[in-house]
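Per TrEMBL, the feature domain 'Glucosamine/galactosamine-6-phosphate isomerase' maps to 11-229. According to TrEMBL, the active site, proton acceptor annotation covers D67, H138. Residues or ranges marked as active site, for ring-opening step by TrEMBL: N136, E143.
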Amino acid sequence: MNIVKVANYESMSLKACEKLTSFLKTTDNPVLGLATGSTPEGLYRCLIEKQQQGEISFNNTTTFNLDEYVGLKGNDPNSYRYFMNDKLFDHIDIQLENTHIPNGETSDMNAECETFEKELKEKGPVDIQILGLGLNGHIGFNEPGTPFNSRTHVVELDESTRQANSRFFSSIDEVPKHAITMGIDTIMESKEIILLVSGENKAEAVKKLVQGEVTEEFPASILQKHSNVTIIADEAALSQIKEV
Ligand SMILES: O=P(O)(O)OC[C@H]1O[C@](O)(CO)[C@@H](O)[C@@H]1O
């Protein structure tokens with residue numbers, strides 16, 4: 001794993017933005033894997049600027065998002081479809097039909113998982129997957145205990161994850177109990193992975209990710225087995241790893 005240490009959240013976002021910008025400039029039909037959560041918001045702001053300044057275009061870009069809550073409509077402000085439209089897609093020249101996010105409001109979840117996998121197979125593989133890191137080691141919504149060979153599936157969210165994400169809802173009771181997520185094996189098929197992490201509250205999780213045992217009890221640890229992973233982390237997030 002390649003670890004890039006930066007000073008703070010802004011530098012983390014900028015570094016990731018530079019990497020994606022140079023990739024987009026040199027690739028004809030890029031396929032990006034995108035993430036939600038607070039961590040990639042700065043990256044998305046920077047990408048919007050680059051596109052609006054004419055430095056890059058998303059016209060030929062296809063995207064796949066990691067996950068979506070079950071039961072929220074795409075126009076619900078807490079859905080990840082809404083998040084992506086609001087934070088990125090509505091401000092750039094991407095074709096919305098080329099953006100893929102699991103549909104959390106369908107009644108047949110298994111069919112939705114199959115459709116998502118089929119689209120990934122047809123249009124993928126993902127060239128660069130952006131990841132955030134959950135406090136309990138989740139990537140996408142793959143909670144501790146998720147088999148490493150999992151494909152896109154429906155998960156029951158950990159109480160700790162619902163608690164962490166309740167900051168976006170008016171109360172924890174409104175946080176959905178289930179989500180649909182790319183599986184770990186699905187994520188590992190990406191050609192390259194860039195994991196972004198910022199803040200001291202993630203320091204223990206980063207240490208486990210980098211130096212801990214590879215175990216399904218800490219899903220992100222599987223990234224130690226991927227051949228092309230870059231972790232862009234700020235000093236606070238790396239504060240428990242002495243030698244970086
Ligand atoms: O970036 P945040 O908000 O800390 O979230 C970390 C991770 O948790 C999730 O928001 C899911 O709980 C992921 O989408 C994200 O990668």
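Placed from the backbone N, Cα and C atoms, the Cβ positions cover glycine too.
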Three-state secondary structure, N136 (active site, for ring-opening step) (per DSSP): coil
Spatial separation of N136 (active site, for ring-opening step) from E143 (active site, for ring-opening step) - C-alpha basis, Å: 8
Pairwise Cα distance for H138 (active site, proton acceptor)/D67 (active site, proton acceptor) [Å, integer]: 12
Alpha-carbon distance [D67 (active site, proton acceptor); N136 (active site, for ring-opening step)] in Å: 17
PLDDT averaged over the residues of the domain 'Glucosamine/galactosamine-6-phosphate isomerase' (11-229): 97
